[in-house]
């Protein structure tokens, strides 16, 4: 027989059984209604990793964006390698080329990572139409101004760079014209729905 103080010690080390209080069961409803705000839904959808759309580069707008980035880079680097700051005409062309090069790169990243699906409040088809339309218009003006300003008398040692830049400015203009067309088709099909 064990001494009494050992029995009490063993009993105190054993876990107590859960209380056997039973709650009266209430009838349960089979219909559950939940609501959430669009902000909460977008926030929960946006908590995952960014998606990557490889197929975008295989579409015509995707290919045109890549060409716009490459040719736009050529436009402004050919001018930047010269003493363009002495001539206000080339300052304007530099502004247009760098501004739309950065924005095109930005939109390419948005489309490649499918960020536009995470921000449905922005009318992306309208934004794309205005972006491409304004890029076409301003690049067209810049290309005409640059082409008319390039002469051998202006600065013969920068002539080749400016002439090449003018050629690429017209090429980028045609790319933006193509993307404006595709943006218009997308915008029109979206507004007709």
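The backbone N, Cα and C atoms fix where each Cβ goes, glycine too.
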Correct range for transmembrane segment (source TrEMBL, candidates 33-58, 85-110):
85-110
Based on DSSP, tally up the residues of the domain 'MARVEL' (56-188) by helix, strand and coil.
111 helix, 0 strand, 22 coil
